[in-house]
Amino acid sequence: MGKLVLIRHGESVWNKKGWWTGWHDVPLSEKGKTEAKTAAATLKGMVFHHTFTSDLVRAWETLEIIKRELKITDLPTVRHPALKERNYGHYAGKSKWQIQKKLGEKEFNRIRRGWNTPIKNGETLMNVFERVKPYFDENIYPHLRLGKNVLLVAHGNSIRALIKHLEGVSDRDIEEVEIKTGEVLLYDLDQWGRVISSEKRFTNQKAGKQ
């Protein structure tokens, strides 16, 4: 089995402002570009055979920086909307902290981290899971079974959905899982897709949250 590396994109210009981004297509901040380089530094010496990312520029830009740093720019990349961030609907483009103040801590956290908390014109984490899981199973896992190493750069919630799938995290416990910008996760899986071991190589304690 190959190794699977999951990386959340670097800080975006909207992360920096504290705005919920979702499907809005915004670029990395300067800090986000630095986070991408730092993430790449943790992967020096690893060989990759396939790279995947979402169709949103902040994820693609992060991956391109990492590829340049690792000198693997000739490796083709698959960009797919199934891997994109959660659609925050009504709340997209609005300040998270103003929303928190308006709704209160409990309701805010339920919307932000809950498994199946609806948002007007948006998605729940369960909805994200329902598109990420089949895409992973059909398009990424087969490469891992062939012993190929896969690098995937995505978003906080699409990665949370994958963690739930790979680690069998419960609906309740997934609410406690948070992925910071630039965070790197490495997985070794068995032939049935179950996690043998996992490792965090970069966690920026001051990184932006989604």
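Just so you know, glycine gets a Cβ as well, placed from its N, Cα and C.
No curator has checked TrEMBL annotations; they are predicted automatically.
Features reported for this protein in TrEMBL:
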BINDING   8-15, 21-22, R58, 85-88, K96, 112-113, 156-157  substrate binding site
ACT_SITE  H9  active site, tele-phosphohistidine intermediate
ACT_SITE  E85  active site, proton donor/acceptor
SITE      H155  site 'Transition state stabilizer'
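This view paints the features noted in TrEMBL onto the structure.
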residue: R8; record: substrate binding site; DSSP (3 states): strand
residue: W14; record: substrate binding site; DSSP (3 states): helix
residue: G22; record: substrate binding site; DSSP (3 states): coil
residue: E85; record: active site, proton donor/acceptor; DSSP (3 states): coil
residue: K96; record: substrate binding site; DSSP (3 states): helix
residue: H155; record: site 'Transition state stabilizer'; DSSP (3 states): coil
Cα-to-Cα gap, G156 (substrate binding site) vs H9 (active site, tele-phosphohistidine intermediate), nearest whole Å: 8
Compared by Cα position, which of the recorded positions G22, E85, K96, H155 is the closest one to the residue listed as 'active site, tele-phosphohistidine intermediate'? H155
Between the C-alpha atoms of E11 (substrate binding site) and H155 (site 'Transition state stabilizer'), the distance in angstrom, to the nearest integer, is 11
Integer Cα-Cα distance in angstrom, R8 (substrate binding site) to the residue listed as 'active site, proton donor/acceptor': 10
Roughly how many angstrom lie between the C-alpha atoms of W14 (substrate binding site) and H155 (site 'Transition state stabilizer')? 14
For the C-alpha pair, I'd like the distance in angstrom between H155 (site 'Transition state stabilizer') and E85 (active site, proton donor/acceptor), rounded off. 5
Within 10 Å of the Cβ of G156 (substrate binding site), how many other Cβ atoms are there? 22
